[in-house]
Amino acid sequence: SRMTKALLEKDGVNWRQKLPPIPTVPVSAQMRWSVPSAGASGANAPAATAPRGKPDQAAAGTERARKLKEEGNELVKKGNHKKAVEKYSESLKLSQDCATYTNRALCYLTLKRYQDAVQDCTEALRLDPKNVKALYRRAQAFKELKDYKSSIADIKNLLKTEPKNTAALRLLQELKRA
């Protein structure tokens, strides 16, 4: 909590985007580390290596999901939100990720598909109930759907986590005028 506050003061509400990417450990390195722990006797080795197929497949699926998400991010930067939605959707089929849901919700907002944006933000909030982006984007979508009560509720929830979030405070003022 203190670290989040410090990062907020230093980098603002977009502090998460400024963090360096989390390095991934290559599968080959993971296998090297797990082989010595298989046991000294040769009889145990096949039993130890047999169940490793599924985690490797899961890791490959997660890696593919991450790459698809990154491709979606690049498409958003280029302004191609329709193609980005496709990439994010493919990614979500492989791995449900909160950030991917919020990214796709951003695309839906841009494409004026507000009900879809609400659904994605709700899914993101199911995974992370205090996700600021999901709360903010769902509030935006609710505002466009003229569900001001739900929009205000989301903004107030967001402000409990980040009381000085200027974008949220601005949206709350707009909602009170509506």
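One is the number of the first residue shown, and numbering goes on along the chain from there.
From the backbone N, Cα and C atoms, a Cβ is placed for every residue, glycine too.
Some features that TrEMBL has for this protein:
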type     : residues : note
COMPBIAS : 36-52    : compositional bias 'Low complexity'
REGION   : 36-67    : region 'Disordered'
REPEAT   : 98-131   : repeat 'TPR'
REPEAT   : 132-165  : repeat 'TPR'
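With a threshold of 8 Å between CB atoms, the same-chain residues lying at least 6 positions outside the repeat 'TPR' (132-165) that come near it are 8, 13, 98-99, 101-102, 105-106, 108-109, 112, 114-115, 117-118, 121-122, 124-125, 171-172, 174-176, 178. Looking at the repeat 'TPR' (98-131) alone, the prediction's average pLDDT is 95.
With DSSP classes pooled into helix, strand and coil, the tally for the repeat 'TPR' (98-131) is 27 helix, 0 strand, 7 coil.
Using DSSP to sort the residues of the repeat 'TPR' (132-165) gives these counts of helix, strand and coil: 27 helix, 0 strand, 7 coil.
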